[in-house]
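Everything below concerns the one structure shown next.
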Amino acid sequence: MSKPKVGFFSFTSCEGCQLVVLSMADKLFDLLGAVEVVNFREASSYKGEDYDVAIVEGALSTVHEIEEIRAIRQQAKILIALGACAHIGGINCIRNFDNQFEIKKSVYGDKVANFDSILAQPIDAVVKVDYYSRGCPPNRDGEEFVEIVTAILQGKKPYIPNFPVCVQCKMKGNVCTFHKERPITCLGPVTRAGCSAHCPSYGNACIGCRGLVEEPNLNAHQETLSGAGLTVEESLKFYRMLNGMMEVGK
Amino acid sequence: MSKDININVHHVARVEGHGNIVIDVQSGELKKVELQIVESPRFFEAMLRGRRFPEAPQITSRICGICAVGHTTASLRALEDALGIEPSEQTLLLRKAVLEAEIMQSHVLHYYFLVAPDFFSVPSVIPLAASHPDVVKRALRMKKLADDIVTIIAGRHPHPISMVVDGFTHIPTEAQLRDALKQLKTMLSDDVPPTLDLFASLKFPAFERKTDYVALKHPDEYAYYDGIIHSTETGETRHRDYKNKVKEEVVLHSTAKQAKGPFRPYMVGALSRFNINSDQLMPAAKAAAQKLGLAAPNYNPYLISAAQVVESVHNIERMIYLIEELLRRGLKDETVERQTIAGWSAKLPPVKKCWGVGAVEVPRGVLFHEYRIDDDGLLSWANCVIPTGQNLANIEDDMRALVPTILDRPQEEITLLLEMLVRAYDPCISCSVHMLKVDFV
């Protein structure tokens, strides 16, 4: 593949994923040598529409965004979903389980009809996604993002782990969060690895930001969560922090 | 002179989030000035309702990828204000250091990556990487060190991991802090002087409009983490009474609510802080202000970027001070003796119905989080007031004052000056569109 043209696009999100890309420092210089960035609004006032690769962050949460992602998909030969909002809907889907009209009304009052907002959904709920760079945020030095972009440039398949975070957590020698003196419940047993178990290594719990592993053992995990004192309703809330979309067949 | 001008900048570039500038001048008369905010609504306050209180910092961190530590800090301070928790000295030093680091990374990102391209007449930092690699590498180095310091203390940037109610779930090693200290000192001696040379050589547009400047103020230090709300026009307000100073309203051209003072719009951010607290800056930052020709009070909003340069020098000096203080005291793992409360502790500590407010200075100005907690430890109500939301009305007032004075210039120049004005405020639009729950009058 000759030097591909890349466009960055941002939907409903904190835009932290683009910042992680900007923070890659040295690797960024290497990548800039291999691709041509034609659209990156957060970093550039130049707007080109001739991209081959679209890198998309954020969930879709307005009618307008759905129209935009369809147009982007038509133009792009390759579409990469960057970060948890684009991949699994992420934090935005928490509100999907509330009454949408009530939420909008509580914010905009009698002006509610003027504002466009629909249920939040990941990119692949609307268009096909070719690659996922997972995480909230994508792992810090951008290893997986670089892995994906490199694989595309070399025409190879990127390596993305398909085993749970627990595997990497054990390899790091962490004490299991469920077995600490004051236990913290954790989504590590069902979440896809690739983050080096970063959150448990910093003394906190995995909150499932990389989405679920293929065929997760949800029943066993529910038993563990119950054993740690969570009700079924609380367990669901825990999952729904970032993975609300899994319940509607993702 | 009578002239028709119609400016419509769709999605202002090099700002965080989606915003449009709309100016309509008919026969030399200014008919319409709008900074339209078209970011998608986020509804964070609704997301928080019914969640366990220790989740609030983790969820609200995701309001913003640039000031994630700022949101986490404001969230923790609101929870601790409600629960009557006073964190340890070590926790305060670590939190202050990580907040200084985030403010520095945000400022560096803004003045080097988002503002500087205007002065080099290039669309972005990417062509600068080819034409001025030393400048871009310096910027990346400064940003990376700030990111690294957030990482060793809080786990990563954005979205810190170890910052929880009443402490940290993970403590950096002394070796990590000593290494950071060494790099900070090198940065102060090697990277700060050329940064100051560069920004002292830039000619910022001349424009002045005095407004109400608002920032936290603290007797002991240049206030970021803690302080009383200070306004140059209306005096002081306690943090729990912030609604006396901040009133939000829905305007139809913005999905972000605009917050205004009781009398008129006001400015928050680096220039406000500088105007109110500049006598508390560290020595090299004071010298930097002198070199950039910045003296308080200053009424030129384009110089917000210059105030950010000054603050970033202050941030480096403060991190050096805070880390030296941490090393002098010796770090200890306090998770054993204190009931640090991580997001998904299996059992919540007993809680009585309570409410609290956290007011913290973040890169773009003062940020408020307010929560109500029920007897079962669940959040029943939340409100977040974002700096950019507070600045939006003030930016429109600036545009109203500026446009009539530049009507004789070519439309491209007017457009650029307006874009530069909006960029100077460093608006964080995805942040401001987090959707506020307020009572309508």
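Glycine is no exception: its Cβ is also placed from the backbone N, Cα and C atoms.
Over in TrEMBL, the protein carries these features:
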type	residues	note
BINDING	B:Glu45, B:His434	Mg(2+) binding site
BINDING	B:Cys64, B:Cys67, B:Cys428	Ni(2+) binding site
BINDING	B:Cys67, B:Cys431	Fe cation binding site
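Contact annotation for chain A: of the listed binding-site residues (B:Cys64, B:Cys67, B:Cys428), B:Cys64 place their CB atoms under 8 A from a CB atom of that chain. Neighbour density for B:Glu45 (Mg(2+) binding site): within 10 A of its CB lie 24 other CB atoms from the protein chains shown.
B:Cys428 (Ni(2+) binding site) falls within a strand when secondary structure is assigned with DSSP. Its own atom aside, the Cβ of B:Cys67 (Ni(2+) binding site) has 29 Cβ atoms within 10 angstroms in the protein chains shown. Neighbour density for B:Cys64 (Ni(2+) binding site): within 10 A of its CB lie 33 other CB atoms from the protein chains shown. When Cα-Cα distances from B:Glu45 (Mg(2+) binding site) are compared across the binding-site residues B:Cys64, B:Cys67, B:Cys428, the shortest belongs to B:Cys64. Under the DSSP three-state reduction, B:Cys67 (Ni(2+) binding site) is assigned to coil, being neither helix nor strand.
Counting every protein chain shown, the Cβ of B:Cys428 (Ni(2+) binding site) has 31 other Cβ atoms within 10 Å.
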